[in-house]
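Below is one structure, written out as C-alpha cells; comments come after it.
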Amino acid sequence: MTVIYLKKADKTPETETGTAQQVVTEMLSAIGTRGEAAVREYAKKLDSWDGEIVMSREEIDRRAAEVPASVRRDIDFAIKQVSDFAVAQRDSMQEFSVGLHPGVTAGQRVLPVNVAGCYAPAGRYAHIASAYMGVATAKAAGVKTIIACSGPFRGGPMHPYLMYAFDRAGADVIMTLGGVQAIATMAYGLFSGKPADVIVGPGNKFVAEAKRTLFGKVGIDVFAGPSEVAVIADETADSAMVASDLVGQAEHGHESPAWLFTTSKALAQDVMQRIPALIDALPPTARDAAASAWRDYGEVIVCDTREEVVVVSDKYASEHLEVHTKDLDWWLENLTCYGSLFLGEETTVAFGDKTSGPNHVLPTKGAARYSGGLSVHKFMKTLTWQRMTREGAREIAEVTARISRLEGMEAHARTADDRLAKYFPGQTFELGEPVVA
Ligand SMILES: NC(=O)C1=CN([C@@H]2O[C@H](COP(=O)(O)OP(=O)(O)OC[C@H]3O[C@@H](n4cnc5c(N)ncnc54)[C@H](O)[C@@H]3O)[C@@H](O)[C@H]2O)C=CC1
Ligand SMILES: O=C(O)[C@@H](O)CS(=O)(=O)O
Ligand SMILES: [Zn+2]
C-alpha cells in the first residue's frame, strides 16, 4: 500500500486528553461533594458568572421578544429540518412482538428516557445550532423533561439567539451554565431536582471528558469533542472548494483537525498552496483558531488507489467526511467509519452543521468506529418483554432447568422445576443432574 504524507501533523486528536482528564476529575469530585455551591464557584471562576442559574419564564419571554423576526425565521426553519429528520428516525424504530415457540411470545418496546440534559457550547462561538440539534431531537423522541444548559456568552448572560433556540425547540428548563459544571449539574439534578437520564451535546475537551467520566451514572450520546473534518478528493475535485471546506471547519478551535485524503498529488499540492491565504483572510477569532489547527493538526495524504483511501479514511474515522470525486455511490458503498458523510461538492459540512436536517452532534477521536452521532435513538430505550402459556412454558422450563444445572445454578433450575410441578402434576421431566457443590 502506498501512502504518502505531503503534510503530517505533530498532534493527533488524542494529544490533549490527559490534561483535560485531570481537571475534570477534580471538578467532578468537588461538585459531587459540595453540590450547587461548588457549581456557583466554578461558574464565577471560569466564566465570570454570578447571576441566576435557572432562567425564569418571564426572562425567557422578555429576551425572546427582542429576537429580530428574521433571526426567528431562520432558527425556526432549521429547527423544522432537524425535527423532521428526527421524527423520521423515530418512525423507523418499531415495536414488535413475535411468536418464538408455540405459546411463547416476546416483543420489543421503544420508550424515551424521562429526563434529558442538552448542552450547547458557547466558549469561542455562540453555538445556536447545537441548541436545537439536542433539544429538537429529544422532543421528537418524546422525552418528558428536557433540561438545557449553555454558558454565559463572553462574560454576559446566555446568548439571546441560543436561548431562543433552546426555548423554541422545546426545553423545559434553561440554565446559564457552561463547561464541566453544566454537565455535572444535569447529571446530579442540581438546581432542577431532576437528574438527567441521558446527557447529550458537543463541547470542548473539558465538556467531552466530563460526559465520558459520568457515563454509567448517566447515558451519553457519544464522545463529541473538538470538531474534525476530512475531505476525500480525486483529480476531478475543485481544489478551491476543497481548501475552503477544510478551512471552514478548522476555524472551530486550536484542536480541530482538518485532513485531506486524495489520489491526486497535483490536487493535494494545489489545496495546500491555497489554504494559508484563506486562513489569513478570516476575522481574528477564526484566523487564530484555524491557523494553529491547520499547523498542528492538518494532514494531507496521497494514496495510489481509492481502495487505499478507504482504508486510511476508515482509520481516521473523521467526525465529518466530505467526498469530492466521481462515482459517489462507490464511496457510499465502501466507506464504513465517519460521523456524517457529505457526498458531492453540492453539499458541505456547514450545511449539515446548521440547517439541512441530519444531526451535527457527531463522534470525534475515532468514536465513529463504533457509533454514529446524536439521533433520536440516543434518547430511546429498546426494552424487551415476554409472556407464555402454561403449555408454552413446558419445553422452555425443561431446557432452562438443564442449562441452569450445567452452569451450576441450582436455584435458577428450581424456578423451572416449580412451574413444571405446578402446571403438569404427576408428569416426569428430564431436568438434569442436581448441583451438589
Ligand atoms: N463534535 C461535535 O459534534 C461538535 C463539536 N463542537 C466543538 O465544541 C467545542 C466548543 O468549545 P468552546 O467554544 O470552548 O465551548 P464549550 O461551551 O464547550 O466550553 C466552554 C466552557 O469550558 C469551560 N472551560 C474553559 N477553560 C477551562 C479550563 N481551563 N478548565 C475547566 N473548564 C474550562 C468553561 O466553563 C466554559 O464555560 C469546539 O471544540 C467545537 O469544535 C461543536 C459543535 C459540534
Ligand atoms: O463538530 C460539529 O459538528 C460542528 O461543526 C457543528 S457547528 O459548526 O459548531 O455548528
Ligand atoms: Zn462546523
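Indices start at 1 and increase along the chain as displayed.
Quick reminder: no glycine exception, Cβ is built from N, Cα and C everywhere.
TrEMBL annotations: computationally assigned, not manually curated.
What TrEMBL lists as NAD(+) binding site is Tyr119, Gln181, Asn204. Around the Cβ of Gln181 (NAD(+) binding site), 30 further Cβ atoms fall within 10 Å across all displayed protein chains.
According to TrEMBL, the feature Zn(2+) binding site maps to Gln249, His252, Asp353, His412. Within the same chain, residues at least 6 positions away in sequence whose Cβ sits under 8 Å from that of Gln249 (Zn(2+) binding site) are Ser227, Glu228, Val229, Ser256, Ala258, His320, Val349.
Residues or ranges marked as active site, proton acceptor in TrEMBL: Glu319 (among others). Under a cutoff of 8 A between CB atoms, and with a sequence separation of 6+ in the same chain, the neighbours of Glu319 (active site, proton acceptor) are Ser227, Glu228, Val229, Tyr338, Gly339, Ser340, Leu362, Pro363, Thr364, Ala368.
Among the features that TrEMBL reports, active site, proton acceptor is placed at His320 (among others). Counting every protein chain shown, the Cβ of His320 (active site, proton acceptor) has 28 other Cβ atoms within 10 Å.
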Between Gln181 (NAD(+) binding site) and His412 (Zn(2+) binding site), the C-alpha gap once rounded to whole angstrom: 45
Close-lying recorded positions around ligand 1 among Tyr119, Gln249, His320, Asp353, His412, where CB distance stays under 6 Å: none
Neighbouring C-beta atoms (10 Å sphere around the C-beta of Asn204 (NAD(+) binding site)): 20
Around the Cβ of Asp353 (Zn(2+) binding site), the count of other Cβ atoms that are within 10 Å: 20
Site with most surrounding Cβ atoms, counting all protein chains shown within 10 Å, from the binding-site residues His252, His412: His252
Recorded NAD(+) binding residues, Tyr119, Gln181, Asn204 - maximal Cα separation rounded to whole Å: 13
Minimum Cα separation from Asn204 (NAD(+) binding site), reported as the residue among binding-site residues His252, Asp353, His412 that achieves it: His252
